[in-house]
Amino acid sequence: MEKSGDESDLEFVDVGEACEGVIDGPPSFEEELDPSESVTKCEGFSLKLSQLINTNHDVQLSKSQSHQVSLNNKDSMIEKAEGKVQRFLDDPEEEKAESFDSEDIDKIEAESEEEASPTFGSIEENFTGVESQNFGKELPSFFVENQAEKLIFPLSDVKAIDNNEGKLYTGTILVTRYKIVFMPKDDNEDNYDYISGPVQDGTYNSACDSFEKIQREVVPTYKKRFFNIPVHMLRRVYFDYEKSNIHHAYVCIETKDYREMRFIVQDHNEAKRQCDKIKKVAFPNILCKDVFALKYLYENITRDGFFQSKLNLPLDGWDIYDMKKEYMRQGVDETSQKFRAISCWDLADASNICETYPEYVFIPKLMSRMKMTKCAKFRAKRRFPALSYFYKEKGSSLWRSAQNNTGLLYKRCTEDEEMLKYIGLANEYTPTVSIYDARSSVKAMSNKFKGGGYENTDYYKNCLIRFCGIENIFAVESAFEKMWFALKSNKTLQNNQTIYSAIESSNWYNLISTILESANQIVDDMHISKKSVLVHCSDGWDRTAQMAGLAQIMLDPYSRTIEGFEVIIEKEFLAFGHSFDHRLGTLCDEKHKNKKRSPIFVQFLDCVYQCLQQNPTAFQFNVNFLCFVAYHAYSCKFGTFLLDNQKYRKNNDLSKKTVSIWTYMNDRVEKFYNPFYDSSTTGVLKIRSDPISLMLWREYFLKWTSLSQMGEDEDIFALPDPREDAMMKALMEKERNETDRPVRIDDTTKS
């Protein structure tokens with residue numbers, strides 16, 4: 001099947017198409033809950049499709065006329081494709097000389113002709129190859145969840161190097177449209193042969209049981225997760241070799257959560273070719289039809305079993321945040337005498353005020369559109385002050401923007417000054433507005449050399465300004481990298497004291513501490529002093545989103561519910577234009593945008609984790625919720641975190657072409673529910689922000705380490721800690737029916 005040029009890169013697309021539905025195996029939420037553990041029980045990809053189809057599960061054909069295909073004809077095609085897979089595994093070189101009959105391919109194409117994959121404009125496919133008919137219609141619903149995942153190519157007989165433990169695993173790499181999986185092989189087990197050959201003992205269940213037994217004996221659970229990577233989580237893929245050993249070449253992989261893998265391949269040319277093929281999957285450069293989120297919706301959404309509730313969902317996740325509904329809940333309505341809605345995307349107006357803002361925002365009612373436009377021009381990225389949250393209990397409000405453009409000449413904008421004045425006048429208790437500049441005063445001053453700056457209180461007479469000293473995206477990326485490297489070393493993990501030293505040296509939790517302290521101060525201003533607050537950083541979409549989101553979580557019990565927290569993420573990060581594409585490096589090559597990559601969103605989730613640990617009865621969601629969101633922000637399985645702002649997502653119709661992560665999670669809400677949640681915990685939260693009070697997010701940072709290698713009945717991320725366990729404390733308090741709430745303040749009580 002050798003082809004010239006790029007076409008040879010997809011040599012085994014046909015094989016993968018014939019095997020679809022088998023690669024990912026039967027879904028179970030336990031595997032999905034820990035997304036990295038998606039090496040499911042039937043990943044032996046040569047398991048006979050005919051055996052799967054002939055199990056005790058009911059087989060239902062599609063009602064669509066285009067899928068009225070004879071099972072006999074299909075079985076024949078399956079057996080033929082299955083033979084190709086087996087022959088390739090037995091002897092890859094021999095398989096190169098063969099190809100599928102064009103007649104079979106024509107049949108497959110004809111059957112799938114009416115179901116074209118969604119695309120963005122006229123963007124061409126990254127890969128050549130034939131899209132086969134989706135056999136998922138004929139497979140039991142048990143297999144439906146991952147039907148979109150198709151094998152692109154396998155790479156057999158490779159050796160994975162475990163540098164930390166000094167081990168070498170032999171096995172097969174499978175590259176699908178969604179992930180890269182290394183399947184280790186145990187040479188000492190006879191019944192492991194079915195991974196590289198057909199199952200001999202008959203039934204599907206016994207084959208899966210056999211595989212699981214061997215996997216547990218050969219590779220610990222955390223290593224199975226380690227070797228399972230969504231392709232869009234790759235940070236770098238490259239070819240390497242040793243001059244002293246001409247027989248060994250390496251396929252090297254680095255991920256955005258700082259996993260590092262080296263696979264030994266015997267042939268240099270083959271290693272280079274496989275690196276190039278992996279890069280094409282992992283780094284599409286542009287939003288194209290090969291992004292897995294598009295395939296995931298298209299090939300699953302209409303199938304029974306995709307959602308546990310059979311699509312009887314109360315609300316599509318794309319509709320979880322309704323701007324009008326949310327602000328009315330806060331106490332803002334269309335008849336408000338304080339605020340009014342304004343369109344940021346009004347194409348009839350040449351100014352088109354701000355493309356990175358939501359389509360509509362609230363501003364002070366006294367501000368005219370003309371003044372608003374001038375104010376926007378005076379702010380970086382045209383991100384003028386917009387209402388984020390109205391705290392109706394105290395009459396104060398939270399606003400967000402970018403820095404103003406005063407520059408070295410100390411330029412002024414009277415409309416911007418009026419804007420801050422009107423924000424103060426909308427507060428019936430005090431006209432004073434507290435401005436929280438996320439930067440340090442030194443960094444804010446240095447931005448003047450670039451045309452930026454900060455508010456001069458000589459001109460903004462009703463304002464007080466505080467510099468929070470929160471570090472920028474480069475410091476966050478550096479601390480994140482140090483954190484991962486410190487915790488993945490076995491030498492570090494063997495000594496508890498060394499772990500804490502490594503954590504401290506990374507500076508990660510010093511950054512978390514600064515953010516939480518700033519959020520505490522905002523809460524005090526709004527709740528105790530009843531002041532309105534404006535929050536901004538340089539561009540107003542990174543540190544600003546973190547502080548605004550955390551302040552609302554501390555103030556508003558609704559934001560601590562599952563739905564409310566989803567609304568916070570939708571509003572503060574997605575609608576207000578946090579640059580997910582740039583910060584996560586989702587759709588870029590290995591070099592492009594690397595300088596702008598930074599885990600700002602993961603840092604925010606870690607801050608929420610600290611709030612949850614200190615107030616375990618105040619949150620409706622659990623740690624699994626945070627871990628799931630953190631993982632799938634990078635995975636491209638859902639469309640929620642694709643692209644940089646709401647306007648881009650709307651223009652590309654993502655709500656119709658992809659699944660929202662909230663749709664999926666809310667359908668399994670019991671898996672993310674906090675059993676300690678007490679809905680009567682309605683007070684304002686006060687978070688201990690000093691570094692010694694913060695806890696390692698063990699479920700996230702230790703998931704690839706040997707510390708997760710514990711019994712199923714134990715806390716697999718348990719780590720001796722001199723601090724009292726907050727969850728156990730909460731349980732004891734509930735058992736004693738104590739009325740005190742953990743570390744919170746309200747109008748009458750402070751504790």
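Including glycine, each Cβ sits where the backbone N, Cα and C put it.
What TrEMBL records for this protein:
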DOMAIN    317-701  domain 'Myotubularin phosphatase'
BINDING   N447, K448, F449, K450, N472, I473, C537, S538, D539, G540, W541, D542, R543  substrate binding site
ACT_SITE  C537  active site, phosphocysteine intermediate
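The Cβ of W541 (substrate binding site) has 26 neighbouring Cβ atoms from other residues within 10 Å, across all protein chains displayed. One residue stands out among the binding-site residues F449, N472, R543 for having the most other Cβ atoms within 10 Å of its Cβ: R543.
All chains included, 21 other C-beta atoms sit within 10 angstroms of the C-beta of D539 (substrate binding site). Largest CA to CA distance in the substrate binding set (N447, K448, F449, K450, N472, I473, C537, S538, D539, G540, W541, D542, R543): 21 Å, whole number. Looking only at the binding-site residues N447, C537, the densest Cβ neighbourhood within 10 Å occurs at C537.
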